[in-house]
Amino acid sequence: MRENGKDELNLHTDPRFKIANREALIGVALVVINFVWWFGFAYGLGSAPVEEYTFIFGMPAWFVFSCIGGFLLMVALVIFVLKVFFKDVSFDEEEHNS
Amino acid sequence: MNIPVIVSLFGFLVLIFAIGFWSSRNVNRKGSGFLQEYFLGSRELGGFILAMTMIATYGSASSFIGGPGVAYTQGLGWVLLAMAQVATGYFVLMVLGKKFAIIARKYNALTLVDFLRSRYNSKWVALFSAFSIIIFLFSAMAAQWVGGARLIESLTGLTYTSALFIFAVAVLAYVIIGGFRAVVITDTVQGVVMFFGTLIILIGTIIAGGGVANIMSDLMAENPNLVTPFGHDGSLTPAYVSSFWILVGVGVVALPQVTVRAMSYKNSQAMHRALIIGTVVVGFIMLGMHLIGVFARPILPGVEVPDQVMPMIAMEVLPAWLAGIVLAAPLAAIMSTVDSLLLLVSSAVVKDVYINYVKPDASIERVKKVSFGVTAVLGVAVFALALSPPDLLIWLNLFAFGGLEAAFIWPVIFGLYWNRANKYGALWSMVAGVFSYVIIHQFYPDPFGMHSVVLPVVLSFVVFVAATLVTQPKHNLEARA
């Protein structure tokens with residue numbers, strides 16, 4: 001059980017993993033936002049009878065907001081978190097070259 | 001027979017061959033790094049190539065042939081379901097992200113199995129995961145080959161057997177010759193073709209249908225359910241559609257063909273670029289392809305075999321020469337999925353089983369021979385299986401996805417983010433995930449109205465945590481604190 005103790009210890013202390021852990025949490029947060037938006041518009045607007053649908057660009061509003069809007073929102077959010085929160089780190093050990 | 005279509009498809013195959021040969025120079029040049037190069041392209045992938053190879057690998061026959069076919073039947077509800085896949089564009093790379101890349105380098109891991117073996121320090125974890133990869137990816141591959149052969153069959157009018165033969169020879173040739181680098185570079189070409197192919201067919205379909213508003217009113221005149229989120233007969237429930245977030249959204253993080261790419265990027269800038277490109281391209285292709293399926297309905301009513309919707313609509317709405325070029329997109333999707341799977345199954349056999357446990361002292365020359373040989377034998381075996389193809393393409397493919405996700409999602413996630421995770425948790429969670437998935441899939445599909453992958457994922461989570469906590473020795477915790 002302890003044969004790879006050295007690796008485990010490194011996994012604990014390596015400062016790059018603080019960054020990596022935070023970025024993984026951002027990924028989880030984005031999926032939650034994505035799901036709520038997607039679900040909310042699809043079933044919030046889409047559950048009405050078809051006669052009461054509003055249409056945008058010829059398509060039902062639920063579809064435009066949920067699928068097209070949701071997609072564009074996620075692209076914007078991904079670009080935003082990359083610029084603001086994501087940090088460059090080296091993938092190699094210090095002693096190796098990059 | 002449609003000559004312009006065949007000519008452009010043939011041109012595409014020739015281009016792919018050329019790339020395979022070109023890449024083979026790299027395999028031979030780096031003699032000592034053969035494994036690293038053949039199975040991982042020497043971890044040199046830049047952002048654009050990384051994004052494209054993930055998309056091309058993931059966007060398979062089901063997204064290009066099966067998916068639009070189901071969307072044709074179900075209407076906009078199926079497009080909604082397909083959009084769960086936007087999450088794969090960013091989630092996989094953010095979650096595996098830098099940590100997986102750093103640890104894979106530290107362990108010198110070339111495959112998902114390498115990572116699990118080093119992380120959990122267990123022969124049984126390694127063997128069971130190699131076994132799962134071989135079984136499930138083999139069935140995924142068979143589904144893809146059937147799709148590829150059907151496509152060639154419907155475009156050229158050749159018999160199914162000869163279509164399958166052409167497809168098999170083409171794929172085998174460039175994988176055996178070029179290895180991972182050939183696969184990712186051809187993937188990139190194929191990803192670009194997929195992107196523009198989707199765009200062109202979508203525009204052509206909208207024009208042929210007389211505009212979006214016109215298509216929508218035709219759909220509503222036929223069956224109002226087609227424009228609701230609930231499917232043509234109201235059978236797509238929110239629970240069922242949402243459960244696909246696990247199968248085709250977040251669960252994708254555990255697919256070996258995806259994780260292996262998260263080991264191969266050059267640096268963190270490459271990863272950042274891939275995140276943006278990947279999200280844009282995955283979202284666009286999924287939205288576009290499935291919309292084409294829906295929009296095709298008023299233009300081509302009464303298509304009996306949904307799998308033929310894509311090829312038929314392309315030939316209907318585009319001039320023949322353009323249809324030929326664009327139809328290279330689904331063929332590209334299928335080929336690029338197949339080549340990755342083929343390489344992955346052979347890496348499981350060669351690297352994870354043969355080198356680790358059968359002949360650890362094998363020479364480079366011998367490993368090379370075994371690698372080429374295993375790849376070739378696997379290809380022939382899939383060919384034989386695909387000769388009498390099973391009917392439901394998309395479901396066979398999703399069966400493999402679900403099985404791998406049930407097996408690997410927690411060993412990968414906990415392996416990275418839970419320091420106490422140990423080999424007992426990993427092994428029992430894989431066993432519980434795989435067997436419960438196969439049993440539920442066979443005997444009790446869609447429990448509680450959700451896809452059959454959901455319960456095994458929950459179960460393997462519980463088993464992982466329980467087995468880890470029960471087997472955690474006390475001194476282990478103290479030593480670390």
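For all residues, glycine too, the Cβ spot is worked out from N, Cα and C.
Unlike curated entries, TrEMBL annotations are predicted automatically.
Here is what TrEMBL says about this protein:
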TRANSMEM  B:6-24  transmembrane segment
TRANSMEM  B:45-65  transmembrane segment
TRANSMEM  B:77-96  transmembrane segment
TRANSMEM  B:124-146  transmembrane segment
TRANSMEM  B:158-180  transmembrane segment
TRANSMEM  B:192-216  transmembrane segment
TRANSMEM  B:236-255  transmembrane segment
TRANSMEM  B:275-300  transmembrane segment
TRANSMEM  B:370-388  transmembrane segment
TRANSMEM  B:394-418  transmembrane segment
TRANSMEM  B:425-444  transmembrane segment
TRANSMEM  B:450-470  transmembrane segment
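Residues of the same chain lying 6 or more positions beyond the ends of the transmembrane segment (B:425-444) and with a Cβ under 8 Å from any Cβ of it are 116, 119-120, 122, 124-125, 128-129, 132, 399, 402-403, 405-411, 414-415, 452-453, 455-457, 459-461, 463-468, 471. Contact between the transmembrane segment (B:124-146) and the transmembrane segment (B:192-216) is not supported: fewer than 3 Cβ pairs lie under 8 Å, counting only residues 6 or more apart in sequence. The highest tally of CB pairs under 8 A with the transmembrane segment (B:192-216), across B:77-96, B:275-300, B:370-388, is held by B:275-300.
Among the listed stretches B:77-96, B:236-255, B:275-300, B:370-388, the one sharing the most Cβ pairs under 8 Å with the transmembrane segment (B:45-65) is B:275-300.
Within the chain carrying the transmembrane segment (B:275-300), a Cβ under 8 angstroms from the stretch's Cβ atoms is held by residues 47-48, 50-52, 54-55, 58-59, 63-64, 67-72, 75-76, 78-79, 82-83, 85-86, 88-90, 93-94, 191, 194-195, 198-199, 201-202, 205-206, 208-209, 212, 215, 218-219, 222, 226, 309-310, 312-313, 316-317, all 6 or more beyond its ends.
Counting same-chain residues at least six beyond the ends of the transmembrane segment (B:394-418), those with a Cβ under 8 angstroms from any Cβ of the stretch are 60-62, 66-67, 69-70, 95-96, 99-100, 103, 112, 115-116, 119-120, 125, 129, 132-133, 135-137, 139-140, 142-144, 146, 246-248, 251-256, 259, 425-426, 429-430, 433-434, 436-438, 441, 451-453, 456-457, 460-461, 464, 468.
Annotation: stretch B:77-96 has the most Cβ pairs under 8 Å to the transmembrane segment (B:236-255), among B:6-24, B:77-96, B:158-180, B:370-388. Under the criterion of 3 or more C-beta pairs below 8 Å, with sequence separation of 6 or more, the transmembrane segment (B:158-180) and the transmembrane segment (B:370-388) qualify as touching.
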